[in-house]
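Peer 1: Found this in TrEMBL, in case it helps:
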COMPBIAS  326-339  compositional bias 'Basic and acidic residues'
DOMAIN    2-128  domain 'EamA'
DOMAIN    161-299  domain 'EamA'
REGION    312-352  region 'Disordered'
TRANSMEM  16-37  transmembrane segment
TRANSMEM  49-68  transmembrane segment
TRANSMEM  74-98  transmembrane segment
TRANSMEM  110-130  transmembrane segment
TRANSMEM  164-184  transmembrane segment
TRANSMEM  191-212  transmembrane segment
TRANSMEM  227-248  transmembrane segment
TRANSMEM  255-276  transmembrane segment
TRANSMEM  282-301  transmembrane segment
Amino acid sequence: MFVLIKAAFNQGFNTFVYVFYTQAAACLLLVPIAVLRERENIKSMSFRLLFKLFLCALLGNTFSINLLDVALKYTSATVQSTISNSKPVVTFFLALLLRMEVVKLRSSHGIAKVTGIVLCLAGVLVVAFFTGPALSPVNHHRAFHASHTSSDLTSRVTWIKGTFLKLLGDITWSLWIIFQAALLKEYPNRMLVTVTQCVFSTAQTFVVAVVAERDMTRWKLGLDISLLSILYTSFVVSGVSNYLIVWCMEMKGPVFLAIWFPLCFVLTMFCSSFFLGEVIHVGSILGGIFLTAGLYSVLWAKSKETMVEPCTEVNMTESAQEEEEERKPEENQRKVREEHEDDVPASAVEQV
C-alpha cells in the first residue's frame, strides 16, 4: 500500500483528492453489506451516537489519513512504514496520560514500558535528523515512473516536516482507536460503527478536497497507477486486510498481531527500493531498529503484565478460600458455646 500510494503521489496526484476517492470506494464496498446485514439495527442509532461517530470520523479518517498522506508525499514509503511501528507505543502512552493504563516503575514490566517509549522517541528523532550513508537501490530500473522523484528533490526541512507530520498522524490515529474503543462499549455493533464513520468521512474528505484542489481536471482518473492504488487501498486493504486483522486478533489477540508490525518495515523497504528506486539511508534503518526495539519492549511488558495479573487473582482467591476454611472451625466452636450457654439456664429452671 505504501509503495502504490507513493507512486501515485510521485506522478503528481493530489493527496486530498486521493483520500476522498479511497473513502468513497470503501463506501461502495461496505454500505451494501451493512444494508443487507444490519437493516433493522440502523433505526436504533440515536442522534447523539451519530454525532459521536461524526467526530470520530473527522479525527480518525479525515484528519489522520490526510496528515499521513501528506507526510508520505514529503518523505518516502520506507519512512512511513518505519514510523508505523510507533503506533502501539503511542497508543499506550496516550492511554497512560488518560489514566487507562498504569506503570509500576518498581517492576520489570513497568521499566520495560518506559524504555519502549524512550526508544520509540529516539527512533523518530534519528529518522528525522540523521540521514547517514545511502544504500544502492535493489533495482535501478523503476517499475513506476514518476514525473518527479521526491527522494532526490526533497529538501531536509521538508523531510523533517514530513517525519513529524507522520508522527502527528499516528498520534491522531491512536486517539481515534482509544475513543472508538469507548464508543464500541456504548454501541457494540462493529459493522454499523465502521460503515457510518466511512460515510461521514467520505463527505468530510470531499469538502477538504474541493477546498484544496479546485481544478477539476486534476480529479480525473485514468488507467494508471493512481487508479490501481485507489482500488488496492479501498478493496484489498480496507476490505480483505482489515477482515484478516480482526480474525487474527480474535484468534491470537492484539499482542500477537502487533509482533508482526516490523515485518511491514522490512518488506516496504525492499519494495520501495525495487519498484520506486528509492534510496535507502542508514538513518532510516537505524531509526527503524530503535522503533522496533521500543515496540517489542512495550509488547513484552504487556504480555508479562497479563501473565502476572491472572496469577495474583488466583493467589488472592486461594488465600481467601484458605482464610474462609480457617474461620469455619472457629465459627463452629463459637456456635457450640452459644448453644451450651443457652441450654444451661433451661436446665437450671427445670431443677427449680
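Glycine is no exception: its Cβ is also placed from the backbone N, Cα and C atoms.
Values in this document were obtained by computation on a predicted structure and should not be read as measured data.
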Peer 1: Could you pull out which residues elsewhere in the chain have a CB under 8 Å from any CB of the transmembrane segment (191-212), counting only those six or more residues past its ends?
Peer 2: 14, 16-17, 19-20, 23-24, 26-27, 30-31, 33-34, 37-38, 41-42, 45, 50, 53-54, 56-58, 60-62, 65-66, 180, 183-184, 219
Peer 1: Can the transmembrane segment (74-98) be said to touch the transmembrane segment (16-37) if we require at least 3 CB pairs below 8 Å and skip pairs under 6 apart in sequence?
Peer 2: no
Peer 1: Any idea what the model's mean pLDDT is for the domain 'EamA' (2-128)?
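Peer 2: Here the mean pLDDT over the domain 'EamA' (2-128) amounts to 85.
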Peer 1: Short question: most Cβ pairs under 8 Å with the transmembrane segment (282-301), which of 16-37, 49-68, 110-130, 164-184?
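Peer 2: Most Cβ pairs under 8 Å with the transmembrane segment (282-301) come from 110-130.
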Peer 1: I need to check the long-range neighbours of the transmembrane segment (110-130): which residues 6 or more away from its ends have a CB within less than 8 Å of a CB in the stretch?
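Peer 2: Same-chain contacts beyond the ends: 79, 82-83, 85-86, 89-90, 92-93, 103-104, 159-160, 163-164, 167, 283-284, 286-298, 300-302, 304.
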